[in-house]
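Asker: Before I ask anything, let me first share the structure, which is written out below as structure tokens.
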Amino acid sequence: MVGYDPKPDGRNNTKLQVAVAGSVSGLVTRALISPFDVIKIRFQLQHERLSRRDPNAKYHGIFQASRQILQEEGLTAFWKGHIPAQILSIGYGAVQFLSFEMLTELVHRGSVYDAREFSVHFVCGGLAACTATLTVHPVDVLRTRFAAQGEPKVYNTLRHAVGTMYRSEGPQVFYKGLAPTLIAIFPYAGLQFSCYSSLKHLYKWAMPAEGKKNENLQNLLCGSGAGVISKTLTYPLDLFKKRLQVGGFEHARAAFGQVRRYKGLMDCAKQVLQKEGALGFFKGLSPSLLKAALSTGFMFFWYEFFCNVFHCMNRTASQR
């Protein structure tokens with residue numbers, strides 16, 4: 001299970017093994033879902049309606065956007081910003097899972113609460129994600145800039161992007177969108193961890209004995225379900241974050257349609273509601289749900305997989 005397990009037969013992974021499992025989980029998951037992330041970001045940053053009826057809309061559907069990106073920018077466009085994204089995923093995965101395991105253990109040892117309760121997993125999951133976000137947010141800004149730029153490219157390399165952004169916008173550029181990110185990530189990650197735990201209990205209750213044997217499938221399905229639930233409930237804040245992160249980068253967005261400037265989180269929400277309607281808060285939701293199902297499913301699947309591998313290694317070593 002994810003989180004501290006007080007049972008005597010629970011996993012006995014070291015802190016380093018937990019961090020490595022989280023890192024590898026993030027690395028593999030990111031490589032697999034990068035195309036969905038690029039499409040999602042393009043949708044979120046488009047001010048025109050995602051509809052065929054709007055003649056000014058560059059993108060209006062997942063398949064149409066995929067074809068257009070492929071035709072205009074080539075296959076590698078689906079992995080734009082992949083290097084900063086991988087750095088982000090590796091660091092984020094390590095810090096998030098390590099923090100979560102330590103926090104749930106702290107709750108178990110220092111309070112009367114059960115470390116496996118829904119509310120405990122929600123709070124610990126949210127705090128763990130906020131810790132990871134503070135650690136890797138500058139890389140997230142770089143990833144968004146790379147994924148958002150079209151052709152010709154504004155940034156050619158990671159080093160070029162860092163230097164250009166620092167000189168033209170100052171050091172604060174690397175923490176653009178931090179407030180909505182933290183506001184969004186706490187409930188999102190909290191729901192991921194708590195829903196994953198709850199869905200696993202529900203799965204064990206609902207499935208016949210034969211279906212319980214395949215633990216890897218169980219982890220994948222429950223992780224996917226947790227991803228869909230958490231993403232749907234917190235999606236508007238993710239959209240605000242992306243809009244704010246490309247502030248000052250409007251010249252590179254000219255080829256994608258309208259360009260707007262936002263003074264902050266509340267101004268962004270107000271402008272989206274006034275000019276794009278309530279549905280504007282959910283632009284890019286369809287690729288986001290697909291991405292959330294895959295990414296969260298893979299995240300928990302690979303994390304549990306590698307933790308189990310380390311657990312088996314530890315048990316074998318102790319028996320020698």
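Every residue, even glycine, has its Cβ placed from backbone N, Cα and C.
Relevant sequence annotations retrieved from Swiss-Prot are reproduced here:
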type	residues	note
MOD_RES	S51	phosphoserine
REPEAT	13-106	repeat 'Solcar 1'
REPEAT	116-202	repeat 'Solcar 2'
REPEAT	214-309	repeat 'Solcar 3'
MOTIF	241-246	motif 'Substrate recognition'
TRANSMEM	19-39	transmembrane segment
TRANSMEM	87-107	transmembrane segment
TRANSMEM	122-142	transmembrane segment
TRANSMEM	173-193	transmembrane segment
TRANSMEM	220-240	transmembrane segment
TRANSMEM	293-313	transmembrane segment
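I'm curious about the neighbourhood of these features; can you describe it?
Answerer: Less than 8 angstroms from the CB of S51 (phosphoserine) sit A57, H60, each of them six or more residues away in the same chain.
Summarised by DSSP class, the composition of the repeat 'Solcar 2' (116-202) is 73 helix, 0 strand, 14 coil.
Counting residue by residue with DSSP, the repeat 'Solcar 3' (214-309) contains 80 helix, 0 strand, 16 coil.
Taken as a whole, the motif 'Substrate recognition' (241-246) shows an average pLDDT of 76 in this prediction.
Within the chain carrying the transmembrane segment (19-39), a Cβ under 8 angstroms from the stretch's Cβ atoms is held by residues 13, 59, 62, 65-66, 69, 77-82, 85-86, 88-98, 147, 284, 287-288, 290-291, 294-295, 298-303, 306-307, 310, all 6 or more beyond its ends.
With a cut-off of 8 Å between Cβ atoms, the residues of this chain six or more beyond the transmembrane segment (87-107) that come close are 2-4, 15, 18-27, 29-30, 113, 115-116, 120-121, 124-125, 127-129, 131-133, 135-136, 139-140, 143, 189, 193, 299, 303.
Only residues 6 or more beyond the boundaries of the transmembrane segment (220-240), in the same chain, are considered here, and those with a CB under 8 A from a CB of the stretch are 44, 177, 180, 183-184, 187-193, 195-196, 199-200, 203, 265, 268-269, 272, 281-285, 288-289, 292-301.
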Asker: With Cβ-Cβ distances below 8 Å as the criterion, list the same-chain residues six or more beyond the ends of the transmembrane segment (122-142) that contact it, or say none.
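Answerer: Result: 3, 81, 84, 87-88, 91-93, 95-97, 99-100, 103-104, 107, 158, 161-162, 165, 173-178, 181-182, 185-194, 245.
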